[in-house]
Amino acid sequence: MLLVIDVGNSNIVLGIYDGDSLVRDWRVSTDKSKTTDEYGILVHELFRLAGIDFSRITDIIISSVVPTLTGVLEKLSLQYFDFKPYVVGPGIKTGMSIHYDNPKEVGADRIVNAVAGYEKHHTALIIVDFGTATTFDYVNKRGEYCGGAIAPGLMISMEALFQKASKLPRVEITKPPAIVAKNTVNSMQAGIFYGYVGLVDGIVTRMKGEGKENPKVIATGGLAGLIAPESTTIEEVDEYLTLEGLRILYQRNRES
């Protein structure tokens, strides 16, 4: 079995693959203060509750945008599983040309998503990933990563509004009853929610105009399911795109 780990700024998503099949997945909060042993205990407990024995894991692949945790999880693999993990970054074969001024600057999660998206669809793509930051990535018809855009995520936008406007409360991110809201909470929700839908559709539309390939637009990430139904540009939500990308990269590097 393969353990895939996607480390984001807000959440860590773990998945277990048996061959090509995702058999279990978990989402936990990212905690930069946790030690290798603390993460080891967490993983052990998740496995125990799922009835999965550590000995069944034969390989691990990690994608991380939190450098301090990359080393922590590499050590976890060595200490608790007795082997070195694959880590997405320099030296990992992606099978994809990266057209970026400095390819090393591209977040590991963005490359993983691009690889998975093209492997599944084999056409030009715009991938929208709703994370701590929302990323927009363009893959052309030849399967080359062409770059993209980065915007503040929904949670960052809401927190900024709460922190900078002293009379406004912290509210839940959800679709409000109406865009013409009748109270402060719904007004904030309307501004954030519909403003974000407009941001997504605006950036995607401009990317489509620049690329001129009529790309398919897919979304992933924790809040994709909230925004996608109101978007006029998102065609598909793929909840497990990043985990699939890690599985694909593992297979490409294991076989090479």
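Just so you know, glycine gets a Cβ as well, placed from its N, Cα and C.
Taken from Swiss-Prot, the feature ATP binding site covers Asp6, Val7, Gly8, Asn9, Ser10, Asn11, Ile12, Val13, Thr132, and the record attributes it to sequence analysis. Following the DSSP three-state reduction, the secondary structure of Gly8 (ATP binding site) is coil.
Sequence annotations record features per position, and here Swiss-Prot assigns substrate binding site to Tyr100, Gly107, Ala108, Asp109, Arg110, Thr184. The number of other CB atoms found within 10 A of the CB of Arg110 (substrate binding site), across every protein chain shown, is 24.
Swiss-Prot lists Asp109 with the feature active site, proton acceptor, giving sequence analysis as the kind of evidence. Neighbours of Asp109 (substrate binding site), defined as other CB atoms within 10 A of its CB across all chains, total 27.
According to Swiss-Prot, the K(+) binding site annotation covers Asp129, on the basis of sequence analysis. Counting every protein chain shown, the number of other Cβ atoms lying within 10 Å of the Cβ of Asp129 (K(+) binding site) is 27.
Arg110 (substrate binding site) has Asp129 nearby among the binding-site residues Ile12, Asp129, Thr132, counting only those with a Cα within 10 angstroms of its own Cα.
Within 10 Å of the C-beta atom of Ala108 (substrate binding site) sit 22 other C-beta atoms, taking all shown protein chains into account. A 10 Å cutoff on Cβ-Cβ distances gives Asp6 (ATP binding site) a total of 26 other Cβ atoms nearby, all chains included. Between the two most distant C-alpha atoms of the annotated substrate binders (Tyr100, Gly107, Ala108, Asp109, Arg110, Thr184) there are 43 Å. Under the DSSP three-state reduction, Asp129 (K(+) binding site) is assigned to strand. The binding-site residues considered are Ser10, Thr132, Thr184; of these, Thr184 has the fewest other C-beta atoms within 10 angstroms of its C-beta.
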